[in-house]
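Working notes for the structure below.
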Amino acid sequence: MEKNVRFKMHKVKKRWVTLSVASATMLASALGASVASADTDTASDDSNQTVVTGDQTTNNQATDQTSIAATATSEQSASTDAATDQASAAEQTQGTTASTDTAAQTTTNANEAKWVPTENENQGFTDEMLAEAKNVATAESDSIPSDLAKMSNVKQVDGKYYYYDQDGNVKKNFAVSVGDKIYYFDETGAYKDTSKVDADKSSSAVSQNATIFAANNRAYSTSAKNFEAVDNYLTADSWYRPKSILKDGKTWTESGKDDFRPLLMAWWPDTETKRNYVNYMNKVVGIDKTYTAETSQADLTAAAELVQARIEQKITSENNTKWLREAISAFVKTQPQWNGESEKPYDDHLQNGALLFDNQTDLTPDTQSNYRLLNRTPTNQTGSLDSRFTYNPNDPLGGYDFLLANDVDNSNPVVQAEQLNWLHYLLNFGSIYANDADANFDSIRVDAEDNVDADQLQISSDYLKAAYGIDKNNKNANNHVSIVEAWSDNDTPYLHDDGDNLMNMDNKFRLSMLWSLAKPTDVRSGLNPLIHNSLVDREVDDREVETVPSYSFARAHDSEVQDIIRDIIKAEINPNSFGYSFTQEEIDQAFKIYNEDLKKSDKKYTHYNVPLSYTLLLTNKGSIPRVYYGDMFTDDGQYMANKTVNYDAIESLLKARMKYVAGGQAMQNYQIGNGEILTSVRYGKGALKQSDKGDATTRTSGVGVVMGNQPNFSLDGKVVALNMGAAHANQEYRALMVSTKDGVATYATDADASKAGLVKRTDENGYLYFLNDDLKGVANPQVSGFLQVWVPVGAADDQDIRVAASDTASTDGKSLHQDAAMDSRVMFEGFSNFQSFATKEEEYTNVVIANNVDKFVSWGITDFEMAPQYVSSTDGQFQDSVIQNGYAFTDRYDLGMSKANKYGTADQLVKAIKALHAKGLKVMADWVPDQMYTFPKQEVVTVTRTDKFGKPIAGSQINHSLYVTDTKSSGDDYQAKYGGAFLDELKEKYPELFTKKQMSTGQAIDPSVKIKQWSAKYFNGSNILGRGADYVLSDQVSNKYFNVASDTLFLPSSLLGKVVESGIRYDGKGYIYNSSATGDQVKASFITEAGNLYYFGKDGYMVTGAQTINGANYFFLENGTALRNTIYTDAQGNSHYYANDGKRYENENGYQQFGNDWRYFKDGNMAVGLTTVDGNVQYFDKDGVQAKDKIIVTRDGKVRYFDQHNGNAVTNTFIADKTGHWYYLGKDGVAVTGAQTVGKQKLYFEANGQQVKGDFVTSDEGKLYFYDVDSGDMWTDTFIEDKAGNWFYLGKDGAAVTGAQTIRGQKLYFKANGQQVKGDIVKGTDGKIRYYDAKSGEQVFNKTVKAADGKTYVIGNDGVAVDPSVVKGQTFKDASGALRFYNLKGQLVTGSGWYETANHDWVYIQSGKALTGEQTINGQHLYFKKDGHQVKGQLVTGTDGKVRYYDANSGDQAFNKSVTVNGKTYYFGNDGTAQTAGNPKGQTFKDGSDIRFYSMEGQLVTGSGWYSNAQGQWLYVKNGKVLTGLQTVGSQRVYFDENGIQAKGKAVRTSDGKIRYFDENSGSMITNQWKEVNGRYYYFGNDGARIYRGWN
């Protein structure tokens, strides 16, 4: 087709419309058709067209027997009468006229039956109108960029205009009012001109071709058999039988019964879809042409006709329509109303979004329900929050209903009965399928309990009690231990109160292992949670039975595996991936990264410290450990084919558990060395307490664990002592497992450990010691920290300390008891989600299990948890159906009977269970009551788009809308065979199960209906399927859905032969819209066209601006499009939010959730910025999103923090930001600034609110302060140095002092800025110059100095600089620090000799320098002070602390004589130092290197013996000399200090560096015993030296 198009603009009410004025010539040669003309004009009066518009629920359009009246026909003239008869019948039935038919009936010759393209002429506007429109539009268009350029927030980038907010971010979906104009910025943020209306200006006259096509494309009849529909509703994928087929694209021929064509070949819901269809199909059929929004309706219709002709040609050449079905299906998926675009948002559900099925609906009555009680978790089972439980704002209901796929309505009593039926089938599978009870499952794992009605817990518990008597005794209970996957903290107490019939996980302990051990070092927590953050506090666990039973695990098939794979795919493979929807290829790539990461010491994704986690799991008391397959074998790869790096460690622990792990438990965590450690001890079988002695088995059982989570850990010489219990005194222990620099070394036998030198012996109190070299941190693929596990030497090879369960009747009302027998169990989660598909029979999981039972036995496995054995769905909608792990199924009775599932066939399952039973293992089935995946049959259901809680998504296009779901099973599957099949039998055997009223409904289960075929009425809802909001077709005007049922018949008029040209048109007065369903002008109706929402008022014309419609507020731009998902800021600065349906959020909306975000609305305004709600200050950003757990700086520069839960401004508390800066929020919630007193702390905060730590602050008064680097406290009374090396002194008030100061006896000086003066002079206010030492800063006296100005100054005795001539007879220090002397004549002495000073003292000058200190001159021992003046008649304490005396006349030092000074008598010995003062009785004194002693009688002791001094302390004198140090006196080893005083009752470090302790009574050194010293116990060995540090 060749087409020339001219575009014109016409101004209508200040809006501009693009008019397309086109002429088209379609060449007949394009189709090889001969050219013929129609002699008779077709009628164009719409009023004469056949229009059918019956009420959808009451009126009929036609009966099955009535054909639609023809408007044109290709039949031969012989068919005319028949057509006339049909028309007449149609008139009678529908009460309408068909004048067009009569006209059409005159064109019956063969040539006229062929399709011939005609030229379309556009009419309706004068040249003057078009010219004016063009000129004005050009001027208007040119002015727009200049207007935008004037806006300060708008910037042009790559030719487009963007609006930037105050933070520099581009605003999207945003409209702003500026003056009298409104500017709109679309979803990309780019400005979009909304002043133009795209409307069709062509003539509304109907072409002859359009009439012919309409006549032949009408439905063959309105009988439902002529339509492909879902529950009689037409969909975008519907096909129908037209009246005629344009055979080979040339000749209209009556259709046959199999000649179905796509509905979209003849009808489209709007112009945009029609244009998209033409453009899409042009490519399919080989037409090189693209149509735009400016294309007229007439040209678009002609293009669609050409596409239809080409389609028919290709059908003829291909001889099938398979290709067409594929093309149409693919096209449908491209249209937003028929794909996920109209189902958004995608952030509130694991599968992007949820659909809630309406309970009451006239449109789909077969899908109604009286139940669908959502979120009836243990926390909310009755519909009200259980008062027993603590409210958790992060998990308000303890779970939610919509998890995955088709969500089973577990509140429906009929469904509840079916769940019981299925449970019975599952547990009796061997008996039912193979007539072999030995192949029955023993127990179940309840999947995703927090996502189903908690009544299922009651039903399953009651069945287990009735069928197995688990409440009768522990033996029965332990043979049928069923577990629950329930993550809420409320679930375990719920199960406990219900009788502990089912066992829940210890999720707290899982989290403790995750954060203490498995995470990278920079985010790891301490080790203390491993003791206390658990269902069992293990600091001291000497209980016979724990309060609640539980099982524990580190990882699982769906925990800490698929999350990591998801993260890898998102980060490194497909950044556009969402949630858990990824392909097998992406999974395979991710596992290459995952497996390599597992082998690294520095991991990016996988878990650290797996051996440490398993050490705790497999040695802890009070919970059944569950080992995960993927920790021993790679998650991917064939089953059990590839061991992980942690396999040997876990296997070693498993085998040791059977042999050693028993008894009470004690755990400790404390700081030691440069880090912290965790210790755990099990005392052995028969010893619950540390003091229990037990028996022989006790002595050969038990285990000790020491671990840490810091790879740089060192004991730093400290000792760790493990109290292994009284039963293990003086016993050898050997290593079972030790971390090394390369990994983890394991030792299977005593001999292996002995050979490695890893054997220790406990002391007589049962302590096992670890010294400095024993415990060192390492970093390798297995351990990031350190690990040691020790067990007793001497256990028999076949020792098994496990305990059998008792058959004594239970009397406490509980079924499961976590006692020693329960502790003896080990679960094995025997599969991975991601294991590879078998390539041959021997690779199937169940085959491999049967062949490896002995291995599981050797590990001590007691309960084998099988993978879910259901044949998987392959719909690929979610990870589970991609990897086919068994959790995505459509027939839950099919355990590999119809075909092999991922794990094998039903027969292989039977063999695996029997093999496990043969070795005494119990086998657990996976019971998955929550969801079912894509069924083979579809239904139309009335649905509402909701979040995972079932709360409607505000503004969603899916609101009580019809939607096609995959919710109906085949009716000929195993569900049909076994569904409800056992209910009668169960009711007879266990009648109590059918009379007990369930908590959520108050009703008993209902066995009266046997569910043989699943359908929507049994489901709560489903996930969104990407079919779009309008996939079930409807009339936009009446909102009626097209339906082909005889009693609710409603079809588009196009299918009844009427020519319908829909879309927006300009009629010379305004903009109107013709319905795509009827062709009539729309009035008082919303219309969606090209994804835009319009409203046409009561007069039929398009509205603009703010409008209130049916009580709701909307805003329509100049081009008539409604604001949707858009924030509009009006001229007053108020923000309004228009939802996806165009409605403005109003006051009654209050808080509204948008995905994970919240907004607040009042009086039609959206909260932006600081807002007070119910008395609480909250903050909403520029887009209205509430700030939670965020620090916000508001426009006034103030800092606030808003609570992570309620969003309220936090007050009177400290907070820290992500960079480590701290703030204090005052009583008004604003971060304080400046100096503040908080509690007893004096703190300072910058102007931005950040607390000052480790830095100086200058106050407004100019005072300098310093604040501590850790606490932020203001420093007082202390010196501090800044980064530049300047020193300051902070006074009592914290301010840096200035001027002259005397601090701690030092005379110092500080500048006006607080800096201390060092190495420089200061001119005081008295005009005098002083100098302060360069190192100490102390004022200098009697010294010559060189100041910073380069000048030399002589500082006198008073510290003031003087003229040298005034220092006669004085000493002083010169600039080099040497002490010089001016004689009494004022002359500087440069020689040597004695000189008298001005105060009549004497100095001795040697080579010009005055001597100081001890000197020997001419045989005399003399002493000179620091200023060089000789000491006479005075005592001098030397640098060695000893006292000497110098004669008052000669100055000679006194030797071997007594001297009385100031009334005290001193004796100076051989070395000239004072020995004693005053009364010498009972005193020692130094005589050179010897110590001597005066007895209490005052006699100098010269012999040997024990003596008591004046203080009652004991000494020993030997040959006149007092003994010191470690000595042997008689038979005693004793110790005397440096003064000769005997040590008693104290620990002493002796000369060999060792610490010894001496008895408090005898003073004898103790050996080979513990002793408490300063509150801590130490062990002292055979030589008396301390060996170990023990406990506090």
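Note: Cβ is positioned from N, Cα and C throughout, glycine not excepted.
If you check Swiss-Prot, you get these features:
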COMPBIAS  39-108  compositional bias 'Low complexity'
REGION    39-119  region 'Disordered'
REGION    200-1044  region 'Catalytic'
REGION    1093-1592  region 'Glucan-binding'
REPEAT    151-170  repeat 'Cell wall-binding 1'
REPEAT    172-191  repeat 'Cell wall-binding 2'
REPEAT    1083-1102  repeat 'Cell wall-binding 3'
REPEAT    1103-1122  repeat 'Cell wall-binding 4'
REPEAT    1167-1186  repeat 'Cell wall-binding 5'
REPEAT    1211-1231  repeat 'Cell wall-binding 6'
REPEAT    1232-1251  repeat 'Cell wall-binding 7'
REPEAT    1276-1296  repeat 'Cell wall-binding 8'
REPEAT    1411-1430  repeat 'Cell wall-binding 10'
REPEAT    1455-1474  repeat 'Cell wall-binding 11'
REPEAT    1523-1542  repeat 'Cell wall-binding 12'
REPEAT    1567-1586  repeat 'Cell wall-binding 13'
SIGNAL    1-38  signal peptide
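Through the fold, the repeat 'Cell wall-binding 8' (1276-1296) approaches residues 1242, 1256, 1259, 1263-1266, 1303, 1308, 1310, 1313-1316, 1318, 1337 of its own chain, all at least 6 residues removed from its boundaries and within a Cβ separation under 8 Å. On the 0 to 100 pLDDT scale, the repeat 'Cell wall-binding 11' (1455-1474) averages 79 in this prediction. Taken through DSSP, the repeat 'Cell wall-binding 3' (1083-1102) splits into 0 helix, 11 strand, 9 coil.
Long-range contacts of the repeat 'Cell wall-binding 13' (1567-1586) within the same chain, counting only residues at least 6 positions beyond its ends with a Cβ under 8 Å from a Cβ of the stretch, are 763, 765, 767, 1533, 1547, 1552, 1554-1557, 1592. DSSP states for the repeat 'Cell wall-binding 10' (1411-1430), grouped as helix (H, G, I), strand (E, B) and coil, give 0 helix, 11 strand, 9 coil. Under DSSP, the residues of the repeat 'Cell wall-binding 11' (1455-1474) split into helix, strand and coil as follows: 0 helix, 11 strand, 9 coil.
Under DSSP, residues within the repeat 'Cell wall-binding 5' (1167-1186) fall into helix, strand and coil as 0 helix, 11 strand, 9 coil. Remark: secondary structure over the repeat 'Cell wall-binding 12' (1523-1542) totals 0 helix, 11 strand, 9 coil, with classes taken from DSSP.
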